[in-house]
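Taken from Swiss-Prot, the feature active site, proton acceptor applies to Asp176, supported by sequence analysis. Sequence annotations record features per position, and here Swiss-Prot assigns ATP binding site to Leu56, Gly57, Lys58, Gly59, Gly60, Tyr61, Gly62, Ile63, Val64, Lys79 based on sequence analysis. What Swiss-Prot lists as domain 'Protein kinase' is 50-311. Residues annotated as phosphoserine in Swiss-Prot, with experimental evidence given as evidence: Ser204. If you look up Swiss-Prot, you'll see Thr208 marked as phosphothreonine.
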Amino acid sequence: MERKGRERKLPGMKIVMPTPVETPTMNLEDRCLIKLTNESEEIEIAATDLVVLEELGKGGYGIVEKMQHRQSGIIMAVKRIKSSINDQSQKQMLNELDACRRSDCCPQMVRFYGAMFREGDVWICMEVMDTSLDKFYRHAYKIGKHIPEPFIGKMALSVIEGLNFMKEQLNLIHRDVKPSNILLNRHGQVKICDFGISGHLTNSMAKTVQAGCKPYMPPERIDGETKSAYDVRADVWSLGITIIEIAVGTHPYANWKTPFEQLKQVVKEPPPKLPMESGFSVDCQYFVKRCLEKDYNERPKYPELLAMPFMEQARNEKQFSMARFINEILDTVWRR
């Protein structure tokens, strides 16, 4: 007689699905309530009450203008974005709104006031800064000034602290660190902006490859074999390129004519470094060298960078005044 084997019940397996990142929603009107500081009272701002003072910048996303509120005299930067260009642009806009809304307690990120909808555009209202790093360093070199090491250290410290806040508190990677997205004001503050292409991190990795400005991209985002995923160390590379650019007055890579030239120069050739004769300290040169490690596994993340001697010097530097230097350059340029 053939015995039938008993069916063995497998132990129950609990499948844990990752918590999906919520997609920010947009429910805007043609007016919004804003607070200039955490302590100030809310003021209602209507789009029709804003007067354009000057254009601050423009790009594929839209335009940034300096505006003034008629009734209160409040001046702000307003980023006007077409809300219905395409799905990708709308996603970028929602990313920016989401990041801005959650960044209020970070002094190294441009302060978000509010957002409103006006004639097919989304208006993102932010604090106005006095200049961007790309305009600033070019102005400085144009009038015969160079960018001193203490400035570079304090700028890098602010940027890393802002990026670290994005990672730890917002679970975001910026993905477009470059001089035009680093803003300065006459008080000596340095803040990062433009979170439109920032990406959510899954297990500390970002998966979208097309976001960002190619001249500042690290090897792992260009090389076809490795660009499927990357982490915050991609922004560390971009910061290293930014530091060299403002330190020597020009981007460390020549202009690329073809994608192959970019692949060859960034992926295949040694990384750029500060010239030995530039007069920068050993700690500064080592910091930049570590930011530009070709193998991202060897490249430090934010906590390690913040613990380096160059950052410690920037923290403790008391003689150099960011505000004084920024005002000196801006005043000289505007007098010409």
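Just so it is clear, glycine is given a Cβ too, placed from its N, Cα and C backbone atoms.
Same-chain residues at least 6 positions away in sequence with a Cβ under 8 Å from that of Leu56 (ATP binding site) are, in sequence order, Val64, Glu65, Lys66, Ala77, Val128.
For the pair Gly62 (ATP binding site) and Asp176 (active site, proton acceptor), the Cα-Cα distance reads 17 Å. When other Cβ atoms within 10 Å of the Cβ of Gly62 (ATP binding site) are tallied across all protein chains shown, the result is 21. The two recorded residues, Lys58 (ATP binding site) and Asp176 (active site, proton acceptor), show a Cα separation of 16 Å.
Packing around Val64 (ATP binding site) is summarised by its Cβ count: 21 other Cβ atoms lie within 10 angstroms of its Cβ, all protein chains included. The recorded positions in question are Lys58, Asp176, and the one with the fewest Cβ neighbours inside 10 Å is Lys58. Mean pLDDT across the domain 'Protein kinase' (50-311) comes to 84 in this model.
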